Every structure is written in C-alpha cells, then in structure tokens.
Amino acid sequence: MFDKRLIKNIDFGLIGVVVVIFLIGVIIITSATNVIDLSKDMTFKDNLEEIMNNGIKRQPKIQVIAFIIGILAIVGILCIDYNSFGDAYKTLYIISIILLLLVYVPGLAVDPRLRGGARSWINLGIMDLQTSEIAKLGFILAYAKYVEKRYNKLDKIKDLIGPALFVAPFILLLLKQPDLGSALVFAIIAFGMLFMAGINIKIVFYGGLIGISSMPLVYRFLKPHQKKRIDAFLNPSDTSLNWHVDKSKTAIGSGMVYGKGLFKGTFHRGDFLPVQETDFIYAVLGEELGLIGCSIVLLLYFLFLYKMIKIAKNAKDIYGLLVVTGITFMFAFQIIENIGMTVGIMPVTGVTLPFLSYGGSSLITSMIALGLVLNVSMRNKKIRF
C-alpha cells in the first residue's frame with residue numbers, strides 16, 4: 001500500500017522544470033504547425049487570435065493529451081516501489097523485446113513509407129506508437145537489475161560478455177528497422193550504467209579505440225540514408241548533403257539575440273525547414289525567441305540533468321542508482337544530439353528533444369521516465385512523523 005507520507009519527499013522542483021519546458025514546447029509546436037499571414041504587421045495578440053480563428057492543429061492537441069496521460073502514468077508509478085520493477089526484470093526484458101517485434105505484425109505495423117522508411121511504429125487507432133520509446137524504459141529497468149548483480153565486478157573483458165549479450169538483441173532489432181538514432185540511445189544507456197557500475201577504465205579506453213578504428217567497416221553495412229547523414233556530417237561545406245542543417249542554422253541565425261517574436265518566424269514556414277515540430281524544434285525556438293530563448297531552454301535542461309544526477313547520487317541502493325543513471329544518460333544524449341544536429345556539430349539522427357519536440361509516444365515515455373526518477377527520489381528519504 002502507498003504511504004501518503006512519501007508525497008512530501010517528491011522533488012517538485014524537478015517537476016516544475018519539466019512543466020516549464022513542456023509549456024515552451026507546446027507554444028513552439030503551435031507556431032511551427034499553424035499557418036499565419038506574415039505579410040501584415042501583426043502583434044502577438046493578433047497572431048494568436050488568427051491561430052485561434054483558424055483552429056489549432058492536431059499536433060499541439062496531441063501533445064497536451066500525451067502530457068496528461070504522462071501525468072496519470074507518473075501517479076501510478078509513484079504508488080509502486082521501484083524495486084518491484086527490478087524483481088520482475090526478466091519479464092520486463094521479454095516484454096521490451098516483444099514491443100520491438102510488434103512492428104512486423106501485419107495490420108498493426110505502420111507502413112514504413114509513411115514514417116521515413118523506418119519500420120518503428122504501430123497503429124493504436126487514436127495514435128501511432130513508436131515501440132522503441134516504451135522498450136527503452138523496460139530495458140533500463142531490466143538492465144539495471146542485471147548490472148546490479150555485477151556491480152564493481154567488471155574488471156576484465158570476459159566480465160562484459162554477459163552485459164553485451166543482454167543489450168545486443170535491442171540494438172540489432174533497432175538497426176534492422178532501421179533506426180540508428182534509437183540504437184545509439186540504447187548503447188549510451190548501457191554504457192552509462194556500466195560506467196557507474198565500475199567498469200575498468202582501461203577497457204573503456206581500448207574499447208573506444210577499437211570502436212573508432214572499426215567505423216569504416218561499420219559504415220559499409222549502413223543503409224544508404226544513414227551513409228548520407230554520415231557523409232553530410234563529415235562534409236559540412238557540401239550544401240547538397242547538408243540542406244537540412246543549413247536551413248536549420250539559417251533559421252536559428254535569423255533570430256539573432258532577441259528573436260523575431262512568438263508566431264513571427266518566417267523560415268520555419270512552408271517547406272523551408274523540414275520536420276520543424278519534431279527533429280528541428282530547436283531551430284524554431286531560435287528563430288522566434290533568439291539566443292536568449294535558446295539559452296533559457298539550455299539552462300532548464302542543465303538544471304533538469306543536474307537534479308537527476310543528485311537523485312542518482314543519493315539513491316538508497318545500487319538498483320535505484322543505476323535506474324536513474326540510465327535515464328539521465330538517455331535524456332543527456334537526446335538533448336546533446338538533437339541540439340547538436342540543429343547547429344551542425346552532430347550528425348542528423350532523428351532523435352527528438354525531450355519534453356519540447358512534438359511526439360506523443362516520446363512525451364509519454366519521457367514522463368514515465370520522470371516518474372521513475374521521482375520514485376527513486378521519493379524513497380531516498382526517511383519518513384518523518
């Protein structure tokens with residue numbers, strides 16, 4: 001039974017940071033998805049009235065619905081001691097694998113041609129679900145328990161065979177879809193947990209050297225569109241390869257310090273900036289709110305990650321430490337990768353910006369992850385009478 005006295009231990013500061021990021025995201029998504037007549041000299045109020053008169057598009061509405069579902073999920077998660085998930089880690093592992101296999105079920109799977117060529121989605125009727133988003137959480141909860149048993153016992157290469165085999169099916173299935181971005185997220189999560197569990201630094205160093213030297217071989221097995229993204233990253237001056245990033249940087253640069261103002265962005269209108277409400281939402285933010293707006297969001301993300309690091313550090317047990325570590329690495333990679341690709345310092349992978357980018361399944365997953373972090377935080381402290 002849930003002890004109501006635990007409620008006062010909830011980190012409401014962390015929740016507040018997430019709510020602010022989400023609200024900024026809804027506003028930017030609304031601007032990115034609605035058509036506004038910018039030929040007239042209109043005020044913010046005029047633009048807002050025009051949006052309301054024309055009708056708000058489905059994306060902001062779905063985002064709000066997903067956030068509400070996420071809140072309900074958090075409430076449910078907080079009622080369960082997080083160690084219960086560790087006890088069921090084998091079941092969670094199997095369920096997560098099944099989720100990744102559902103994208104091959106006829107009648108349930110979404111046609112890859114409708115999703116950029118990736119077989120990553122299933123249709124639930126009211127919305128499409130990217131199964132890898134939910135599988136990430138199952139993997140984190142299961143992997144944390146698996147690694148917990150090997151805590152401070154990862155000194156030799158043979159000690160890593162088990163952990164590597166544990167994560168391998170996820171990465172292989174994601175590469176098959178193909179979804180390189182999600183595969184990288186899983187790899188980063190696994191590395192973060194192993195690092196926190198005391199992996200030998202020499203193994204990390206030599207493993208990194210082997211990984212870098214094997215990149216040419218890995219490149220040969222990539223899909224054509226994945227090779228194109230790598231080529232674009234390695235040849236930033238080639239505009240024929242970098243038109244996504246070039247347009248993103250143009251939009252951000254046009255915002256300068258103060259931005260053009262909410263709903264007054266021009267470069268993200270029409271087809272100039274692709275997938276502006278998802279992958280390149282940060283470019284829309286930069287154009288409309290400028291350097292100041294981008295800096296505020298960066299500060300919020302820094303505070304968000306800092307709070308989670310503190311929660312991991314103060315976890316009452318190894319399992320809680322590893323769960324929060326995995327989630328922190330997941331969010332950190334997504335934030336760095338998404339913002340990095342919009343300004344041209346990271347390759348384009350399709351990884352979205354947590355709580356800010358449009359995406360129902362992504363937002364719900366992020367909210368559930370937040371719930372798990374709050375769960376660990378809430379049970380760090382003793383109940384005072």
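Every residue, even glycine, has its Cβ placed from backbone N, Cα and C.
These come from TrEMBL:
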TRANSMEM  12-36  transmembrane segment
TRANSMEM  62-80  transmembrane segment
TRANSMEM  92-109  transmembrane segment
TRANSMEM  121-144  transmembrane segment
TRANSMEM  156-174  transmembrane segment
TRANSMEM  180-196  transmembrane segment
TRANSMEM  203-222  transmembrane segment
TRANSMEM  280-306  transmembrane segment
TRANSMEM  318-336  transmembrane segment
TRANSMEM  356-376  transmembrane segment
Interface check, the transmembrane segment (62-80) with the transmembrane segment (180-196), three or more C-beta pairs under 8 A: no
Any contact, the transmembrane segment (280-306) to the transmembrane segment (92-109), with at least 3 Cβ pairs under 8 A: no
Annotated stretches the transmembrane segment (180-196) and the transmembrane segment (92-109) touching (3 or more Cβ pairs under 8 Å): no
Considering the transmembrane segment (121-144), which listed stretch of 12-36, 92-109, 156-174, 318-336, 356-376 counts the most C-beta pairs under 8 Å: 92-109
Listed stretch, out of 92-109, 156-174, 356-376, that has the most CB pairs under 8 angstroms to the transmembrane segment (12-36): 356-376
Residues from the same chain, set at least six apart from the ends of the transmembrane segment (156-174), whose C-beta lies under 8 A from its own: 93, 96-97, 100-101, 132, 135, 139, 143, 146-147, 150, 180, 182-183, 186-187, 190, 194, 199-200, 203
Positions on the same chain near the transmembrane segment (92-109), where near means CB under 8 A and six or more residues out: 85, 119-123, 131-132, 134-135, 138-139, 141-142, 166, 169-170, 173-174, 177
